[in-house]
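Annotated in TrEMBL:
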ACT_SITE  His274  active site, proton acceptor
BINDING   Tyr24, Tyr149, Arg184, His274, Arg277  glyoxylate binding site
BINDING   77-79, Ser126, Gln147, Thr175, Lys250, Ser272, 305-309, 328-329  FMN binding site
DOMAIN    1-379  domain 'FMN hydroxy acid dehydrogenase'
Amino acid sequence: MEITNVTEYEAIAKEKLPKMVYDYYASGAEDQWTLKENRYAFSRILFRPRILIDVSKIDMTTTVLGFKISMPIMIAPTAMQKMAHPEGEYATARAASAAGTIMLVFCLPQFAALDFIYAFPLQTLSSWATSSVEEVASTGPGIRFFQLYVYKDRNVVAQLVRRAERAGFKAIALTVDTPRLGRREADIKNRFTLPPFLTLKNFEGLNLGKMDKTEDSGLASYVAGQIDRSLSWKDVKWLQTITSLPILVKGVLTAEDARLAIQAGAAGIIVSNHGARQLDYVPATIMALEEVVKAVQGRVPVFLDGGVRRGTDVFKALALGASGIFIGRPVVFSLAAEGEAGVRKVLQMLRDEFELTMALSGCRSLKEITRNHIVADWDQPRVVPRL
C-alpha cells in the first residue's frame, strides 16, 4: 500500500508492534478525551486564503534559538524508540539531519528523540532514550536539544547535563508537567515495562537504567521512585547555574505559567500536554497556544507540541503565533513501519503539505503567515477590513 499521509503509518505500526509497545506509544491518560481533542481541535480552525499572489517561490526556512533550520517542523522527544525499531534514536537522528531540522532528545533512557532542523531537522533527545546522548551525537551533524527530567538525585541531573553539553547538544528542554506519571490505563492493563534487551542508556552505570516489572505500570513505578515531585520554578533558576545552554520549558498551557517561565529565565516555551498522557481534560495544545503567545508578547519563542498530523496543522499553529511545531507519534509509528526511511518520509510529507498550504493561502515566507489567514470557532464575529 502506498503511504500518502502521515496518519496511515499508525495502522501499520499497530500490526507490526507487540500490543504492549503499540499501546504505550498510542494511548493517553484515563478517558483519553484530550488525546482525541489534540487532533479534533485543529478541525475547528478554518483558512482565509488570499489569492492572486505570486507564490512561485516559497521560503520555509526559520531560526530556532539562533540556529537556521529548513522548516518549522521538528522532532519531539519520544521515549524508548528502540521498542519501535532496532535502530531507534539512531535512525530518527539521521532522518532529522537529512531533513535539516531539530531533534529533541529524550533524557530518560530509551524514550524518544526530537529532531530540530539545521540544514537537518532539529532533534530533541529524550532522557529516557534507549540510545545515549553520545550515541545519538555520533550519528553525524545536526542540531539537537536534550529533553530533561529532574531526578531526586541532582548529581544525576548535573551529570546528564554535562554529558549533553560535551556531546554538542544546543539547548535543554525541561519537562515540567510530570511530578507524577498520568494514569495511563493501557500501560496498567499491559503491566508495561521496558523489554529486557533494552535499557535507558543515559542511566547505565548509575543503577537507574532498568525498569522493574510491577503489578501495574513499571514506568509509573519508575517515575514515582526517581522523579522529583518537589520540582518548582526555583529549580529552573538552579538549572541555569549548572549550564550555559538555553533552557526551554516544556509543558506550559496557561498564560500565568508562561509569564512565570519568562521570569525564571526560560529561553523559550513549548506548549505541550505531554501527548495527552498526563492530566486528561486539559485543552488541546492548539487551543492553549494563543493564550500563551499573547502572554509572552514576543519576548521568547513559543512552540507547539501535540496533535500535528498535516501540513495544514503546521500552518494553523504558526498563524496562532507559534515559532515552530514538534511531532512525536508520527515519528515512532513511521519508525516502526519503515525505520529511518519512514521517518524521512513523514518529514518530507509534512514539508510538502506545509509548502502547499502556504502557496494556496498566498504566503511566500513564514513571516507572511498571520492571524488573518485563519478563523477559529472561538473568534468573535469578524468585521471585514476595507481595502
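Note that Cβ sites are derived from N, Cα and C of the backbone, with glycine treated the same way.
Projection of TrEMBL feature records onto the structure.
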residue : record                  : contacts (Cβ under 8 Å, 6+ apart)
Lys250  : FMN binding site        : Gln147, Ala173, Leu174, Thr175, Val176, Asp177, Ile270, Ser272, Asp305
Arg277  : glyoxylate binding site : Ser27, Gly28, Ala29, Leu35, Gly182, Arg184
Gly307  : FMN binding site        : Asn38, Arg39, Ala41, Phe42, Ala284, Thr285, Ile286, Asp313
Arg329  : FMN binding site        : Glu10, Tyr25, Ala26, Thr78, Gly275
Rounded to whole angstrom, what's the largest C-alpha distance between any two of Tyr24, Tyr149, Arg184, His274, Arg277, listed as binding glyoxylate? 19
Suppose we draw a 10 Å sphere around the Cβ of Asp305 (FMN binding site). How many other Cβ atoms does it contain, all chains included? 29
Using Cα positions only, nearest of the recorded positions to Tyr24 (glyoxylate binding site) (Pro77, Ala79, His274, Arg309): Ala79
Using C-alpha atoms only, work out the spacing between Ala79 (FMN binding site) and His274 (active site, proton acceptor) and round it to an integer in Å. 12
